[in-house]
Amino acid sequence: MKRGSVIGNIAKDLGLDVKRLSARRARVDAEGSSRRCCDIDLQTGDLIVAERMDREEICGQDPSCLLNLELILENPLELHRIVTDIRDINDNSPTFPKKVITLEIRESAVKGARFPVEEAHDSDIGQNSLQSYKLEHNEHFDLAVHSRPNGGKYAEIVLQRELDREKETEVTLVLTAVDGGFPPKSVTNGELDREAVSEYNITISASDHGLPRLSSSITLQLSVSDVNDNPPVFDEQSYSASVAENNKPGSSVISVRARDPDWRQNGTVFYSLLSGEISGVAVSSFLSLNGDTGVIHAVRSFDYEQFRSFKVQVVARDNGSPPLSSNVTVSVLITDENDNSPQILYPAPTGNSFMTEMVPKAAHAGSLVSKVIAVDADSGQNAWLSYQILKSTDPGLFTIGVHSGEIRVQRDISESDTMKQNLVISVKDNGQPSLSTTCVVYLLISDNLAEVPHLKDMSYEESNSKLTSYLIIALVSVSTFFLTFIILIVAVRFCRRRKPRLLFDGAVAIPSAYFPPNYAEVDGTGTLRSSYNYDAYLTTGSRTSDFKFARSYNDVSMPADQTLKMSANEIKEHQAKDLGLDVKRLSARRARVDAEGSSRRCCEIDLQTGDLIVAERMDREEICGQDPSCLLNLELILENPLELHRIVTDIRDINDNSPTFPKKVITLEIHESADKGARFPVEEAHDSDIGQNSLQSYTLEHNEHFDLAVHSRPNGGKYAEIVLQRELDREKETEVTLVLTAVDGGFPPKSVTNGELDREAVSEYNITISASDHGLPRLSSSITLQLSVSDVNDNPPVFDEQSYSASVAENNKPGSSVISVRARDPDWRQNGTVFYSLLSGEISGVPVSSFLSINGDTGVIHAVRSFDYEQFRSFKVQVVARDNGSPPLSSNVTVSVLITDENDNSPQILYPAPTGNSFMTEMVPKAAHAGSLVSKVIAVDADSGQNAWLSYQILKSTDPGLFTIGVHSGEIRVQRDISESVTMKQNLIISVKDNGQPSLSTTCAVYLLISDNLAEVPHLKDMSYEESNSKLTSYLIIALVSVSTFFLTFIILIVAVRFCRRRKPRLLFDGAVAIPSAYFPPNYAEVDGTGTLRSSYNYDTYLTTGSRTSDFKFARSYNDVTMPADQTLKMSANEIKEHQGGNEGGSTASTLRRQCTHGKRCAKSEMALCCFVVVLLLCAAFGEVRYSIPEEMRRGSVIGNVAKDLALDVAELVARGARVVSEGKLQYCDLSLKSGFLMVGERIDREELCAQLSACVLQFQMLLENPLKVYSIVLDIQDINDNSPVFPNKDIELKIAESTSPGRRFPISSAQDPDIGPNSLQTYKLDDNDYFTLDINLRPGANKYPELILRKALDRETKTELSLTISGIDGGKPIRSGTALIRIHVLDANDNSPVFSHNTYKATVFENCAVNTLVAKLNATDLDEGAYGEVMYSFSDVADKSKGIFHINSKSGEVRVVGAVNYEEARLHEIDVQAIDGGGQSSHCKLIIEVIDVNDNAPVITVKSSSPSVTEDAPSGTMVALLNIYDEDSGDSGQLTCLISENIPFKLISQVKNYYMLVTDGRLDRETLPGFNITVTATDAGFPPLSSRKIINITISDINDNCPVFPQSLYTAHIAENQPRGSSVIAVRAADRDAARNARILYSLADGASHEASSLVSINAETGDIFTSRPYDYEQSGYFQIHVIATDGGTPSLAGNCTVKVFIRDQNDNPPVVLYPAQGPGVAGSDMVPKAAPTGYLVTKVVAVDADSGHNAWLSYRIVNASEPHLFVVGLHSGEIRTLRPILEEDDPKQTLVIVVKDNGPEAQSATATVNIVIGDLLPVIAELADYSEDGNGNNNFTLYLIIALAVVSALFLALIGAVTYLKLCKRKYSGLLFRTSDSGPPVFSTAYFPPDYNESSRAGTLQRDYRFNSYRTTGSCKSEFRYMCGVDRDTLKTSAIALARKETLMRVTGGNDVGMLPSSGTEPQSRHPYQASEHIILHSSQSSSASNE
């Protein structure tokens, strides 16, 4: 039975409550077995099949098979025994012990001899067991079937016809064993395996028993169809792949491969990834797998620093039914790449300041100065860091540890060393390639100054850069506008001059309108009147047809019933009529349509026409469901004034839904005993449509068992019942598959079946419909229908990749390609056509369409704009792939666009920066030594990476060798000592250049003042560099000259153009030109004229050389007199000249045509001539002569006179080099050149050449040269009798049994004679004897062979051997013969069978007896002697349970034990024994062996139910495990006792026999003892007793009964201020005695903590580490405390807390602040000292404070610089400045003191103050302070004048441009140069100019002048885009009629100024239609050309 089949309702049968089965943990166990064959359904109480039950496996051959089950229920324990009787079914086929049975039978065996075969075995019992045997029909053997006493069947093969070994050495028979089941199963001696042999060719032979026996045979080709019996097998058991990190997404990782030996879909393997997670992320986010090829691709780029390896499971599944699959593990190892550059932790810049380290002057070599600390995120050797000094101020002064980063002094510091030292340190890792990072370390060598802040803050500004920029921008703008205007003017003038010839050459009806790019104009319609002329725009790159239909150019419109049916006005009138609304005011009144009670907008109003249109798809079933009436209430709302109209729309149902069944597969279980007429209802189908379109009926596929009955429900629904018409037979057919179809009543009707059609899987079906009658015999006919499955849009497009990534360089060209995406749709035609679009969205607030565009057809994404890396570096867009089905399906994919940096930003200088119009000036002391730091240029670059690496260089300086600048630092230093001759004012031009490709640069100016006396002179900051002004002046002069030059040039060009315009007629045409060639726009050609009209067949054709389409220009006819349409290209050159006015093109074309025709004829003639010559040569060389000769002629024998026979002259044989040539290596014939004889050259053996062929012919060729001639010579070789018959064996041996009956034939191998015909073998002859005669027979190939016929019985005792001689004789002359000796050996016969002493033998044996124990000895005797008397013993029938246990000695008959004898497996063994002699005779007996039981089985302990864990709070008596104990032994050996370990809180309770409950017996505590290993011992009562032990592991599961506990309740931490954020403060730890989740502790800050405290620290929730949240400032707060809470993860959670006090230590982080004298820019206070001040006079006091505390706040003062070193002194701690000596007259009246204020911290901080002291009783005016003036002020006025001049010239230029534009507009408005308009007609172009004596005719042959078109076709366009112009005349039909009536003729007038149309009768010229001026134009001779043009 199938798994899940119901056996019975056990709950109902036992009276149990089904609802309580689950609570009582009901389950079913089998006694004495671990298998779980049955189970109970806890929901229904049914006893169901849990796994396959095999009666033969469970009960063997026992006729009664009972399965003892136990139903166990707990709480309380209850046990019910269930007995299941397993019935046998015919599920096993009989099997033979061996697939191939070999019998050795002598050919002398007598008829009737019997040969037993091994018995087949069938595991089934009763009727289903083995019942009979069948033997394949053959001519030698028959089959006899016998029954054994136990009911077994065995077979014997009976010889029916004697065997003949010479005819057949082996006979193959097929023996079939058949059981009695239904259907019967049988087995042959072979199994079918398609994978081993896929096809068999079976020959079936039928023969009768007549004399002679006749037979026929037929061969059947049997193909073994495949079943899915082989799962896919991977090539390897596991796979491993390595992927380097930072791999490209989409790259291949590894390829897996599985093979399936099955066929077609069963062998088709598909691959997929098993669902799972990697670090919480789905596997599909990491890898993707190609389902067809097994190639695994990376979906993302891996990062070794995130994870280093992972594993995935790949599933290989075949396409069989059911599918089979197998799994394999793929391990992906991520290898580290050197992708992280070192990161420097110290020194780290803070803001814009730099950290400076102090080095004492007394530092010795090796002293530690500082340390560079860096880390690398990579691992292994990629993270090994090395340090190196790249650049230093003094290269030999400092050194750095290669691996430690420690900076040490390399030598002692000397006085000459620069005080400020800068080191550029490179930190490089050990990767390949290595990455590096640099940092700058600033060192200050000083004993007194730890930090000099003002030395870092030096800055100054650049001057005039802003003004220069503005001037340059203005100059560029004016020049650009000027050049653009000149280009536009030239272009307009050129187009205007060429316009009549550019656009229209001839009479054109209307002007060509301008169209946007990629648009073309389509004007006019073919055969319509001139009323429907539209402007149609079709985009050249569009994939849809976008047209613009404009109004007709003419007032006279076509009637409404033609073409367009109604005009726009009429449509508006009809639509506005329903509500009486004015269509023109709908838009102004904001008309809209809303649906009542719905947000959907199903309908809208067309504001242009007033139409109510469908806005979105309306589904009646979605809106109204099953309501028969579906009304959609709409409201038309108009505003100004408010107006409301209600609109009711009745939605009619259409048949748009097919009926659907609730389930695609309906399963009915019907007993085979069901009566005929039984009804089985099926689930009703549902159709969403209503009325006639709803479900109407059902149809059932034709079958032989069931019919269909359809019923109606009261509500109108239809349901079906399946009616049984013919009884079912489960044995014949276990399952019947039917197709039920539900059909609705719509048109066309829609139906649904229980099967699904999938066009993508099978697109076509060949359905064979068969019709058969019930006559005898039954006749049938069939027809095959080919059904094609039409496609529906059921598959959305699927992208090739899950996501895309593209890189684009910044500053890309708009329109450049970014990436191409591709989606595939397996649907057909339009459903499978995929269009692409971008999903609407924004990127940084800007729509996606402003960044990217996508080609809807190809999926290529283009950039719309140029990207800027500095604005954003990446973005993502969504691409939508939509098919063209109805409704369309779509899918999305994410495209990530990464923008790479380009060097597009030049460096920006931050310092010196200009402030206003002033310049910053740096002071340089005169005593500055070489290497002194003067200033520093600071610049940045907005680019990134190497594009932002900057280098500095001095481009120009006042004194080139005085200053130098650091290449990478920008520091300006003194290069040599400053001498007195150096200019006081120094100007430097600095260039800052980046490292990009190409590099960009910026310049700045640095102004330096060399002076010792003035620390800062404010008004000196305004100094400007004279050269700067001169440079600016030069730029302005150049700009002014350029603008003036352009202005004058422009005026000259305008004058020249005006002059040339007056001379235009003579400039354009000078000479006789046939017709001016029209100009066409690029890639366009003109097509004029229509197909069948007159005067339209002379064309000028142009085909572009690079075009991929045919682009032609069809011009108008040059003449009025046009050749007929049917003679287009047949005119002669002279005629063409006459008609075309001497045009040479026609002559050339005719000549070329004739040349081409002549060339073709010549080629054909030459080919025919060549063929003729070849035929003549072949015919001349053909000839043949034939000779007939016997074989074996001597060499040199004459065959014939070949020269005579071929009528050749013997003399010319030598002259012409005659020779005979044969195929092959041997030259059988030679030619005698002297006599002409053909002679034998080699021995000719006919048998060697031709073997047995009747005709033997040799072919030769005789060649003659000069001339070449070939003759064929044929030799016919005749046979002679030169060979004797030969037997294959000279001695022939035959073995014949003495029992062979007379008349038996024994064929002899025939003799062979190579000769043929009469010379071949003719007869045989046998010498005389008493036993045999000879008979000669013919084989199918007419070969004769002899047969010996036994005419007298042989007697081996009389004569054991006979010798006969046989001769083979041929028919040649003389006769030849051959002989052979026949030796006949007489064999003995086997006429006695072996006989056993007993028919049945019985024996006993103990189980588990030793191997080789003797069980019994059997004895059988045979009365024959020799080989026939030797008896061999063997087992003929052994049951499966006895196989491999016993063995019989084939010679002695002893039966011994060779395997394990087990009483429990089999208590009795019955074995059939066979005795066979050497002749094949045999007999049988039965051996019965009884097994005696011993106590050899220990008890078996089975855990039926167990809980792996029990909670520690479980009450006593809680069941932990349920044990079942049994013993397979019987009697006392099966009695059991069960015990467990002592002193444990558990015990055993037994309420049911052999079942024990292990329950708790005391309180459990996991923290004391987390688990128990309980040993259960079961002992039986046998002798000796046996026991078994079972260890049950019980884990005590934890409950949250312990809270976290801190080791300390109070923690104290100390931390220095200014520690960086994230510095560790302290670590707290708590412990929890619980386990797992209950012991998982999370740390947090108490909720009651102040906001200030919580903002100071953060805590790691996992580890309890407390970190700083910000740097602390001791000056703000020196202490705070927090409360930490430790919470476990239990439910409910428990918590513990502790207090942490944090003390902040003060650091010396604040430099002293000078309060007096005030410092800063603009502050220049001075203190006065009297000249008479004595020693110790208090001059002033420096007041400073320090925000630090303690020792860090103790301040000391010191003078570091003074104008007069020994004049003043400052108090060390007071700051008081006093005179050190009296003031002398030579002392400088201005004294400057630089005071340094230093605190007492470990790393002292300092500040400086400058004190200005003036010595004097009264302060005089210091004149030199005002002597400085700007040298460049004189240039300011000149610069101003230049700016004014530039502005004036630019203004004049712009005014001129405006004036010219205004004049052109006015001129175009009033001039008639282009066209004149009329109120009653369209615009008409003026007549184009033509040279003298030339005229234009634009007539169209059979129509009047109404249908001339200008047609333009793009040469590169992939679509046909034409522009059709409308007709010229307004009243077309009227003009045509007048023209036909008057038969107007165009005439050429040689004089006069009148232009008119002259009728043929000579009357006065008639007035012409005002719009016909461009059609009939007569151009006068050259003398009057000027007047005519005027």
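Cβ from N, Cα, C; glycine included.
Fair warning: this is a prediction, and the values are worked out from it, not measured in the lab.
Feature annotations, reproduced from TrEMBL:
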DOMAIN    40-96  domain 'Cadherin'
DOMAIN    235-344  domain 'Cadherin'
DOMAIN    359-455  domain 'Cadherin'
TRANSMEM  467-490  transmembrane segment
DOMAIN    605-661  domain 'Cadherin'
DOMAIN    662-799  domain 'Cadherin'
DOMAIN    800-909  domain 'Cadherin'
TRANSMEM  1035-1057  transmembrane segment
TRANSMEM  1167-1189  transmembrane segment
DOMAIN    1231-1287  domain 'Cadherin'
DOMAIN    1288-1396  domain 'Cadherin'
DOMAIN    1397-1501  domain 'Cadherin'
DOMAIN    1502-1606  domain 'Cadherin'
DOMAIN    1607-1714  domain 'Cadherin'
DOMAIN    1729-1817  domain 'Cadherin'
TRANSMEM  1838-1863  transmembrane segment
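Stretch with the most C-beta contacts under 8 angstroms to the domain 'Cadherin' (1502-1606), considering only 40-96, 605-661, 1288-1396: 40-96. The domain 'Cadherin' (40-96) and the domain 'Cadherin' (359-455) are not in contact, since fewer than 3 Cβ pairs between them lie under 8 Å (pairs 6 or more apart in sequence). The stretches the domain 'Cadherin' (800-909) and the domain 'Cadherin' (235-344) meet in space: the count of Cβ pairs below 8 angstroms, excluding pairs fewer than 6 apart in sequence, reaches at least three.
In this chain, the domain 'Cadherin' (359-455) lies close to the domain 'Cadherin' (1729-1817): three or more C-beta pairs between them fall below 8 angstroms, excluding pairs fewer than 6 positions apart. Residues belonging to the domain 'Cadherin' (1502-1606) score a mean pLDDT of 87 in the model.
Secondary structure by DSSP for the domain 'Cadherin' (800-909): 7 helix, 52 strand, 51 coil. Each residue of the domain 'Cadherin' (1607-1714) gets a DSSP state, and the totals for helix, strand and coil are 10 helix, 47 strand, 51 coil. Secondary structure of the domain 'Cadherin' (1502-1606) per DSSP (helix as H, G, I; strand as E, B; remaining residues coil): 4 helix, 56 strand, 45 coil. For the domain 'Cadherin' (1397-1501), residue counts in helix, strand and coil come to 7 helix, 49 strand, 49 coil, using DSSP. Look at the domain 'Cadherin' (1729-1817): DSSP puts its residues at 4 helix, 41 strand, 44 coil. The domain 'Cadherin' (40-96): residue composition by secondary structure is 5 helix, 22 strand, 30 coil, according to DSSP. With DSSP classes pooled into helix, strand and coil, the tally for the domain 'Cadherin' (605-661) is 5 helix, 21 strand, 31 coil.
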